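Data block below; observations after.
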């Protein structure tokens, strides 16, 4: 399936047609001496397998019926699919990368000794997922003490898998991503979100300044899927404040592996994530800081 095109218009395939990977082909990182490039390739292959399997599991659970619980608000929710998918990833990472730390959105916090940490978002876009929308994904990132190393994202509805990082050219289903378009300011499309209580506040004013750098915007409820749309050439930039690592790092890694940029911008008392084509990121960053 091509990786350039309108992701939001893809219909979900029948569950019976989905095939989970039969096994992992990536040995534990600690087995035998390997160079950094080989290790990164093995980690990327493992990450791709993990997000595919997690998304398949989540989709199967949704088909059987979800139990929805609130976390911090009516729109911040969790289901048994989130926790089951995270548990699946953690179990396999514990077996295959025993020295690495693991952090997950649904509560996993396992220390490691390697200086590397896997960050898991088992279902990004849980509200969408719980309402039957297909704009959700499973995502994972790996970072060391200095930088993010890679990200992997699987969109269950289209069976697409993105993988990439700053030193790992990004791909979709193994096909290299094309260069990100540098769209004129008035034609740019931004993916974003701002909670209504921030309207009219200092944060809301910064948000409005950022909007001045784009021509239109989309609020679809899965930041990582929004970034995959940017990586696929549909949109141009994402900006949002107070984004957790599991929501930020997978997409940031893949965008950077596609020649884009991702920045953390402290402005108006919060930290903004700005990710996308380099010129758009620079313009939004400058607007956020111009307060």
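Each Cβ is built from the backbone N, Cα and C atoms, and glycine gets one as well.
Positions annotated as Mg(2+) binding site by TrEMBL: 105, 121, 124, 247.
Features as recorded by TrEMBL, highlighted on the structure.
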residue : record              : DSSP (3 states)
105     : Mg(2+) binding site : coil
121     : Mg(2+) binding site : strand
247     : Mg(2+) binding site : helix
Given the recorded Mg(2+) site (105, 121, 124, 247), which additional residues of the same chain have their Cβ within 8 Å of the Cβ centre, ordered by sequence?
120, 122, 123, 139, 223, 224, 244, 246, 250
Given the binding-site residues 121, 124, 247, which one is most crowded in terms of C-beta atoms within 10 angstroms?
121
Near the Cβ of residue 105 (Mg(2+) binding site), how many other Cβ atoms are there if near means within 10 Å?
22
